[in-house]
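Colleague: Heads up, here are the entries from TrEMBL:
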- 1-60: region 'Disordered' (REGION)
- 31-40: compositional bias 'Polar residues' (COMPBIAS)
- 51-60: compositional bias 'Polar residues' (COMPBIAS)
- 73-157: domain 'GDP/GTP exchange factor Sec2 N-terminal' (DOMAIN)
- 75-159: coiled coil (COILED)
- 164-180: compositional bias 'Polar residues' (COMPBIAS)
- 164-207: region 'Disordered' (REGION)
- 193-204: compositional bias 'Low complexity' (COMPBIAS)
């Protein structure tokens with residue numbers, strides 16, 4: 001049973017239990033046979049009957065008013081209960097709406113968090129792939145440099161081993177060569193000494209020594225001091241006075257070609273040790289990679305822009321561009337490469353000589369650069 005109805009029933013029963021003022025009792029029914037024997041009511045009995053009738057009417061009106069009052073109270077109570085139920089329902093609706101909003105907000109935050117996590121994961125994968133590619137590239141470059149250094153060390157060991165007192169290696173001891181070939185030698189020289197120590201050793205062992213030249217040498221104290229200061233902490237930085245002077249007097253003029261932009265690229269490649277010089281086949285047309293771009297041609301120098309027979313070409317690093325060069329330009333580039341190769345050997349600690357001997361070797365390499373920039377080059381080029 002509903003709560004409002006239960007309270008209404010309790011109120012009605014409570015009112016029924018209360019005594020009614022002036023309540024009258026019904027008269028006992030009479031028999032038909034005795035109606036004739038009873039006497040007629042008197043005036044006093046008539047007055048009493050009217051009084052009883054008025055009391056009965058009063059009781060009926062009271063009952064009616066009580067029932068009306070009960071109905072009104074029950075109606076008000078039901079209205080209050082209905083209002084209270086509507087209010088509770090409204091509160092529950094508001095709570096449901098609030099919970100729905102919270103759920104939508106949580107779902108949106110979850111979606112954003114999932115998207116950000118996926119984006120971060122993809123970013124980490126891309127960074128890992130980039131680092132892996134860079135590491136693989138550095139590994140390939142390191143292996144290439146190791147192979148190059150091993151080849152150079154092997155070549156140096158071969159030169160040292162093949163030079164014996166009975167059969168000296170003329171490439172290792174240029175002072176044993178003839179005067180016409182003492183200045184220019186075929187190929188790229190690496191760590192070659194032109195000091196007089198070799199001649200003294202050969203003379204002490206009774207070997208025939210050919211005279212190098214009739215010129216005399218004298219040490220420049222300024223240049224020697226600059227070299228000694230550089231050798232204490234050897235570096236390829238141009239800030240040192242030793243290398244700054246050589247750049248201004250020898251390297252810069254020797255690599256100053258007509259094509260200035262290409263000249264700067266060649267100097268940078270020489271400094272980074274990424275320059276490649278290779279011969280061009282003369283019997284057939286040169287075969288190069290499809291991606292390579294050839295500048296100049298077998299009959300036109302890419303550095304001077306002049307029509308010359310170009311038997312060599314150069315490539316700068318991994319660019320894939322090939323440039324044909326004339327013998328004169330090749331001699332100038334080679335002279336600079338020989339100088340940088342020797343100072344790199346000194347920087348790496350591969351040269352085990354006296355300071356003065358290394359100084360004279362550097363002066364010889366500077367002399368080669370000076371001769372090459374003036375246009376002189378051997379016929380083998």
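A Cβ is built for glycine as well, from the same backbone N, Cα and C atoms used for every other residue.
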Colleague: Which residue counts does DSSP give the compositional bias 'Polar residues' (51-60) for helix, strand and coil?
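Modeller: Once the DSSP states are binned, the compositional bias 'Polar residues' (51-60) shows 10 helix, 0 strand, 0 coil.
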Colleague: Average the pLDDT scores across the domain 'GDP/GTP exchange factor Sec2 N-terminal' (73-157) and report the rounded value.
Modeller: 90
Colleague: Can you count helix, strand and coil residues in the domain 'GDP/GTP exchange factor Sec2 N-terminal' (73-157) using DSSP?
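Modeller: Helix/strand/coil tally for the domain 'GDP/GTP exchange factor Sec2 N-terminal' (73-157): 85 helix, 0 strand, 0 coil.
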